[in-house]
Amino acid sequence: MKTLTRRHFMAFAAGGTVALAAGQAMAHDNGVKTFPAGSRGRDPGPHDPIREAESPDIVNPPVTDSGTLPNLRFSFSDAHVRKGSGGWTRQVTQRELGVSTTIAGVDMRLNAGGIRELHWHKEGEWAYMTYGNARITAFDASGGWFVDDIAAGDLWYFPPGIPHSIQGLGPDGCEFLLAFDDGNFDEDSTFLLSDWFRHIPPEILAKNFRVPVSSFSHLPSPDDEYIFAGNVPGSLESDSIKGGVKSKIRFTHKMLAQDPVRAPGGTVRITDSSNFPVSKTIAAALVEIEPGGLRELHWHPNNDEWQYYLEGEGRMGGLCIIRSGKDF
């Protein structure tokens, strides 16, 4: 595995406790063969060296680890990938990471021109662009429209019930991380425009949009339109809605444009409702820790913390109130 020079991750807060591990391990000498503290000895039976190399602190836990703290980590690489003609998506929810009851995460890739269909849901949606360029479109509760182009390092947030779509731009589309303020969120159960149309008689659609009934004679399946291929759009100005009312709400934010808080061990940028007013249910910190640096021992009495590692390697530890601690 390639070792990078720093740990770089996102931390989200939505509504638990995170702390570094502390505990006690005891050994006693009763005349039988023992191994030094912190060493598990040989493993002559079946095992997976590749996976063990990815989790050295699970295989050989520090002597401070103890108890039965629940699993606090899950890799997107172990998540099912749903593929479409315009990209793919995978999710980590409470179903994959049982302790994550208040936040679910989705990793989505859109090819250049690829479209995540217009949809909405009852959960708030927060996003961080990890790669490339995209165009997002939304309508607020008053019918005002919003269209914006975003790049790596930018954020968006859509409150519950706001219809929105995302499209990958040139030269190579985009990839982004989504965070939802409900651990039981399911990316496969969002309300799609194509699904709505499939459940309305064509003559009603025709009357509503004042077009011939034949315009709705071949409606696409929601399974085909979830993430589908499209053409790279023109300029942002060309996608503005003529005659419509532009939303007064700003649904995007340039996180990397914030001045970071600098410390001897790294930097941090914090985005919450004070500098991104529309984001009412999720706040985020972009943390960069230098080699050997430490995010100070801390905990959150009123909020959970959900982390996503953008690059590098690090050790994360947690302690709960029943004297259980574990390093990951």
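Glycine is treated like the rest: Cβ placed from N, Cα and C.
TrEMBL names His119, His121, Glu125 for binding Mn(2+) 1. Of His47, His164, the residue it gives for the same site is His164. A gap of 28 Å separates the Cα atoms of His121 (Mn(2+) 1 binding site) and His300 (Mn(2+) 2 binding site). For the pair His298 (Mn(2+) 2 binding site) and Glu125 (Mn(2+) 1 binding site), the C-alpha distance works out to 26 angstrom. It is His298, among the binding-site residues His298, His300, whose Cβ has the fewest other Cβ atoms within 10 Å in the structure shown. Every protein chain shown contributes to the tally, and the Cβ of Glu125 (Mn(2+) 1 binding site) ends up with 24 other Cβ atoms within 10 Å.
His300 (Mn(2+) 2 binding site) and His119 (Mn(2+) 1 binding site) have their C-alpha atoms 33 Å apart, to the nearest angstrom. Checked against Glu305 (Mn(2+) 2 binding site), the binding-site residues His119, Glu125, His164 differ in C-alpha distance, with Glu125 being the nearest. Across the range of the compositional bias 'Basic and acidic residues' (40-54), the DSSP-based residue counts are 6 helix, 0 strand, 9 coil.
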